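*Asks:* I'd like to ask you about the structure that follows.
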Amino acid sequence: SQASFEEDSQKQPAVGHWKPLMPSKGNEDEPETGCQDAGGVDETQSTEQLNVSRLRSSSVEIREKGSEFLKEELHRAQKELKLKDKECERLSKVREQLEQELEELTASLFEEAHKMVREANTKQAASEKQLREARGKIDMLQAEVTALKTLVITSTPSSPNRELHPQLQSPSKTVFRKGHGRHKSTSSAMVSAASHNVTPEPVSHEHKEVDSILFAEFQAWKESPTLDKSCSFLDRIYREDVGPCLDFAKQELSELVRVAVEQNTLTIEPVASQVPMVKVSAEEYGGPKKCALSGLPRTCKHRIMLGDSGSYYYISPSCRARITAVCNFFTYIRYIQQGLVRQDVELMYWEVMRLRREMSLAKLGFYPSEM
């Protein structure tokens, strides 16, 4: 604006310059009039110069203020831009972090899903295997129950079934089962009992008298047969027969044997007929010349295995006779509990007493020489 003002002022004709005038005739006062005009021009020129200087100073001041204002606005805009850059950088980091967490979460979810699928497949395969095994066991047990019903129903004290009571067989006809199988304490114990040298006297030649207390306890148990040893009938037999009969020098092993006999998971097999073991990791305790239960040096013709532990324990003939006597007792009361024995209560009572007598003789150290 100042520059245009200066250009306009330069373009205007200079005020106050003298112009040559022709003197007019008969007018003597004209020179004075020219002097007055020159003075007025000077005053006008100074006023205009003052106005120009004022305009120049005001324009410079305006320009300086405008420059300061623009600088402040620029500085403020730069600060805002920096803040926005920082905010954009922070938001970018947050977005990257969220994307990384999302990827990790997705990967972990897929891994967990695959793991759950694998576990479900494994459990399904195990369940199917257990189902097949259970069905096989059911079929086997049904066949055994059918056979046992036939044997038990046809056996009475007056005419006992020699297959059900192997102790009545001659020693030459005694046959031991070979090999190893699960839950054979029942069959093994009954077969192992075939070891008597002398055929027992007929029942009719014995003089017997029923003990009223024992018979009352047996009758109470017979009404609701159970294997719970808290009832008075089994509690007495545990205290008087089973406990002492299975009380060996090796207390820890004795307890394991007692539990296996109660759970029907004990296996007895002859050492002479043992087959090569499939399990390489199977361990043997005792030996053919040392009993694992008594710890005494004895010739061991049999060994036992508790459940599916894979560990074999060599036992002496005396220990075998004691274990067999207890197994025979538990076998018979299981038959009664399952309803397989259909005899008079008094006949069942005397069979129980006979089994108790076998346990008493065994715990005192009496056993057949064939053991």
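Glycine too: its Cβ is placed from the backbone N, Cα and C atoms.
TrEMBL lists 67-151 with the feature coiled coil. Under the heading compositional bias 'Polar residues', TrEMBL lists 43-58, 156-173. The domain 'GDP/GTP exchange factor Sec2 N-terminal' annotation in TrEMBL covers 59-149. The region 'Disordered' annotation in TrEMBL covers 1-58, 156-180.
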*Asks:* Within the compositional bias 'Polar residues' (43-58), count helix residues (DSSP H, G, I), strand residues (E, B) and coil residues, in that order.
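*Replies:* With helix first, then strand, then coil, the compositional bias 'Polar residues' (43-58) has 16 helix, 0 strand, 0 coil.
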*Asks:* Restricting to the domain 'GDP/GTP exchange factor Sec2 N-terminal' (59-149), report the mean pLDDT as a whole number.
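*Replies:* A mean pLDDT of 88 is what the predicted model shows over the domain 'GDP/GTP exchange factor Sec2 N-terminal' (59-149).
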*Asks:* DSSP on the domain 'GDP/GTP exchange factor Sec2 N-terminal' (59-149): how many residues come out helix, how many strand, how many coil?
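*Replies:* Final tally across the stretch: 91 helix, 0 strand, 0 coil.
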